[in-house]
Amino acid sequence: MSPRDSFWSVMVAFVVINSVTVGLRLWLRITSGSFGYDDWATCVAFGVFVVFCAFEFQALGYGYGATEMLPGYNPILAAEFFVIAQLLYLVAQLAAKISVALVLYRIATMAPLIRKILIASMVILSIVSVVSIFIFGFQCRPLSVAWGVGTGTCLPGSTIANTAYAVSAADILFSWLYGLMPIYLLWSVQISMRTKIVVSVLLGFGAVSCIATILRLNYAIMVSSLPSTAAAQAVNLLLTATIYSATEVGLAIFCASLAALKPLLKFIPWIPGSSKGTSKFESNNLEPRGPSIRLQDRHADTGSEESILPSNQQHHIQKTTHYEVSYESH
């Protein structure tokens with residue numbers, strides 16, 4: 001299968017899947033009244049990702065990467081849409097990573113150090129991404145020179161390549177940070193082990209997206225070694241690298257949204273932590289609110305005693321309250 005054919009399949013798959021997951025996430029958050037900054041970031045990431053895919057579709061429609069010229073193909077327009085799509089990718093990538101970081105920030109209510117680390121990571125990511133967007137956006141003056149229209153000057157290829165390396169390095173680093181952090185955050189939370197595993201896997205699966213980043217970086221290195229990016233070999237390499245770019249962003253949006261869909265797991269009996277679990281006393285509606293706290297009883301019986309007047313006096317008043325706890329299965 002050619003890169004053009006694979007491109008269509010990957011783009012359509014992630015647009016459809018993320019339309020469902022992001023839609024369900026927004027519905028759950030809005031109906032529960034818990035819509036937050038992480039949801040806004042997810043909306044931005046998904047919206048820009050859809051526009052990115054639309055521009056890539058236009059580039060393919062005008063013949064980008066085609067082996068033969070067909071009626072309706074326009075190489076200039078194809079290159080124009082493709083270059084602009086790369087800028088949109090950088091914006092979507094930043095928003096997707098920020099959305100994952102904000103999900104973790106919401107969970108880390110009792111971990112101020114983790115929250116500071118997350119804030120620092122978001123600042124670094126934003127700086128790297130904004131600088132990269134400016135470099136790619138002004139790689140040529142005017143930018144139309146990048147797709148072969150007009151005359152002007154362009155930045156050296158080494159500058160573009162080094163910028164791509166910096167973006168990929170930051171992406172790989174923070175993908176692993178955000179992928180491993182849920183394990184630490186949920187380790188001491190008073191929820192079932194099954195629920196910890198499910199949530200950790202859903203959030204940690206975003207680290208898999210860095211594999212796509214590494215593969216994309218490999219193709220970017222190969223492109224930078226070629227004398228021209230307009231050659232057929234370079235175009236195919238760029239298309240393949242962009243496929244991995246779409247996979248990376250699509251996976252990040254998918255995992256960030258899927259982690260917010262845990263309340264829906266109770267309707268799926270074969271998923272760990274659902275309402276059909278094996279434990280009779282397992283609660284499936286608990287959400288992590290902080291570390292577990294053991295309550296120390298004054299007496300070992302089922303009552304709760306409280307001395308209204310100091311008990312060391314000869315006469316004192318003591319109140320005893322008995323509690324009855326029962327479990328009802330549905």
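Glycine residues also receive a Cβ, built from the backbone N, Cα and C atoms like all the rest.
All annotation found in TrEMBL is predicted automatically rather than curated by experts.
The compositional bias 'Polar residues' annotation in TrEMBL covers 277-286. Annotation source TrEMBL lists compositional bias 'Basic and acidic residues' at 321-330. Positions annotated as domain 'Rhodopsin' by TrEMBL: 24-266. Summarising the annotation, TrEMBL assigns region 'Disordered' to 277-330. TrEMBL lists 6-28, 40-61, 81-105, 117-138, 165-185, 197-217, 237-261 with the feature transmembrane segment.
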Item checked: Stretch in 40-61, 81-105, 117-138, 237-261 most in contact with the transmembrane segment (6-28), if contact is a CB pair under 8 A -> 237-261
Margin query: Give the nonlocal contacts of the transmembrane segment (117-138) in its own chain as ranges (CB under 8 Å, at least six residues past its ends).
Written below: 86-87, 90-91, 93-94, 97-98, 101-102, 104-105, 108, 155, 159-160, 163-164, 166-167, 170, 174, 177-178, 181
Item checked: Averaged pLDDT score, the domain 'Rhodopsin' (24-266) -> 82
